[in-house]
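J.: Before anything else, here's the structure in question.
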Amino acid sequence: MRLCKMAIPRLIACFVVYTSLGLIPSSLGVILRTMDKIVWANEFEPIELTCLIESISTNNPRIEWKKIKNGVPSYVYFQNRIAGDLDQRAQLREPANILIFNATRSDTAEYRCEVAAIEDQRDFDEILISLAVRVKPVVPRCSVPEAVTVGTSTELRCLENEGFPAPLYRWFHNNEELAQDPKNTPKPVNTSYSINPDTGGLKFRIVKKEDAGEYYCQAKNDAGYAQCPSQMMEVYDVDILGIFLKSFGGVVVFFGLAGTICHSLKRGCFSKKGHNENYNWPAQNEGVEYGNADEGHFRHKSSFII
């Protein structure tokens, strides 16, 4: 009996200490937990954010959900109804979970579940959940050169801007995937190429004949993939004879033009003298004379005095 009397003050002292530190036993305060603090969802698919009430004494606690994006909070569940960005797109499920019917990329944010229980010793608790919505890539934009020459370098490009997380890129040649490392492929291929899976570039340092064919690119992330239509790339040998004939033709044309100009200069087509030698300039003491002094031409020898 004496020991019991001594234990009771100790229990009271421990309770006071726990209360002052906020370490309330679960039966005397509201305590929340969640299944996942970091949640991933696919766009246009349902997702549930869990807010489980492990302990509470209040019969009708106040439950609120807030969406926090770029540091700015806004209500998505307030006064017992869905609000804000989730209006008409979600519902509250027991005990305090939120079910989003069709998640969109704009739903990517942090969400805070808050529960207030005025009848509990610890009357408030909250939990923070991060939601990221995956977005499937759209059809990427591909750039494939129509024709290249053997021995030259070239680059094929692929770009997609909608997918989240950012997609990784793969290239296909004649419906067969090109290995990221050409040295690891069992088939004999041109090992001078390189693929950048982050930017979508496919580079050939030295193009070979066997590189000709159809190419297409695929962009893929955890939400899905998309690919561009195949495009043909032709590879030609170096045409030495054609280059020589074109160069020779240019030389012939140049000398032909030069010869024509020189011939015109010799005939005086561009000389000022040829334009003036058939014209007789009148003397100062004579009247104006038009043309040669041939018969039938009008000549003005003296001035008329009126």
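Glycine too: its Cβ is placed from the backbone N, Cα and C atoms.
Among the features that TrEMBL reports, domain 'Ig-like' is placed at 25-125, 137-233. Feature annotation from TrEMBL assigns transmembrane segment to 240-262.
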J.: Could you give me the DSSP helix, strand and coil counts for the domain 'Ig-like' (137-233)?
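T.: Once the DSSP states are binned, the domain 'Ig-like' (137-233) shows 6 helix, 45 strand, 46 coil.
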J.: Can you check how the pLDDT averages out over the domain 'Ig-like' (25-125)?
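T.: Result for the domain 'Ig-like' (25-125): average pLDDT 93.
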